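Student: Below are the structure tokens for one structure; questions will follow.
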Amino acid sequence: MAARPGLLWLLGLALCVLGGGHLSHPPHVFPQRRLGVREPRDMQREIREVLGLPGRPRSRAPVGAAQQPASAPLFMLDLYRAMTDDSGGGTPQPHLDRADLIMSFVNIVERDRTLGYQEPHWKEFHFDLTQIPAGEAVTAAEFRIYKEPSTHPLNTTLHISMFEVVQEHSNRESDLFFLDLQTLRSGDEGWLVLDITAASDRWLLNHHKDLGLRLYVETEDGHSIDPGLAGLLGRQAPRSRQPFMVGFFRANQSPVRAPRTARPLKKKQLNQINQLPHSNKHLGILDDGHGSHGREVCRRHELYVSFRDLGWLDSVIAPQGYSAYYCAGECIYPLNSCMNSTNHATMQALVHLMKPDIIPKVCCVPTELSAISLLYYDRNNNVILRRERNMVVQACGCH
């Protein structure tokens, strides 16, 4: 469970230097120095990698996002709330437990064969899949379209069928693959959810191509109905009711990154350290309330990561920040139960007393880590919900 503790500490150190982290009662004095010209940018890039944010955060929100929320971000925000709801009282989402990454897609092209054409009538949607990360396994996929009450035809049962457009042809009908069928009444209103998971195998093989989905509406007697007349809304609908697609993915385990090599401080930098005043907003505070020798046992300390201070609120939708915590303190023999130590740590601490020049001290490290949920925009303004593992320290111990 104690995975990537070095990255978590690096995150805390970088945030405090950049002004985006707040510490309470740090137990040790750490060196401080002024950053070089490129170091803040390099640190922000490393923080993005730790959090799983792809590339540089967008410089601004999508056009019109401030005027009226769009349907996909609203739905993803509901998913985020369900994922972070500890009470279990939120709306049940059957696909959430198996997904580490959830992506929404807004249709980029919409075509209709409507009343001006021969039957059957249909509505076609296209989605850009190029932002799907390589190596992800699709656990589920849904197409969501809003239906308004329809009086044409009046009080009739409608069959809504969805197909994937496998191959288009100039001289004949496109090759289609059946995905789902839903039955409802013409007067029904609300979001219609169609299962398109069966199309996911071709996504992973051809995610450099657009995904085409075609929707048909028929009555009980097989008569084709224009989807618009049946109350199904498309791109011209209000932003909060526009159709979109959602993919649920099981992310691969993050590879273990090589630890950063600490660069030795130059003489000029050491002089700068000595000249810097201590501030309770940064690393370098010795808490006077931890014993006459300034020593405190290994425990968890507060470290808050603020996306507002990092200037990322135009990219990160939720949360505005989170408590990452960090582990610090002494692991001094005898190790008691509150130090959450292992038998090996107890033995190492004992041998260290006898041979301090040979055997190092036992380290205070995270022993239990938990995930955070992060909701953000990607480069194409698609909304992403990611469950990032091993980001919050739940417990510390001597190991």
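Every residue number used here counts from 1 along the chain in the order it is shown.
Positions of Cβ are set from backbone N, Cα and C atoms, glycine also.
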Student: Which of these, Cys327, Cys331, shares a disulfide with Cys396 in Swiss-Prot?
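Tutor: Among Cys327, Cys331, the cysteine that Swiss-Prot links to Cys396 by a disulfide bond is Cys327.
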Student: If you look at what Swiss-Prot says, which of Cys16, Cys298 makes a disulfide link with Cys364?
Tutor: Cys298
Student: With Cys398 as one half of a disulfide in Swiss-Prot, pick the other half from Cys331, Cys338.
Tutor: Cys331
Student: Between Cys331 (disulfide bond) and Cys298 (disulfide bond), how many Å separate their Cα atoms?
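Tutor: Computed Cα spacing between Cys331 (disulfide bond) and Cys298 (disulfide bond) is 6 Å.
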Student: Taking only same-chain residues 6+ apart in sequence, whose CB is under 8 Å from that of Asn155 (N-linked glycosylation site), what do you get?
Tutor: Arg185, Ser186, Gly187
Student: When DSSP is mapped onto helix/strand/coil, what comes out for Cys364 (disulfide bond)?
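Tutor: The three-state answer is strand.
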Student: Could you state the CA-to-CA distance between Cys327 (disulfide bond) and Cys298 (disulfide bond) to the nearest Å?
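Tutor: Just about 7 Å between their Cα atoms.
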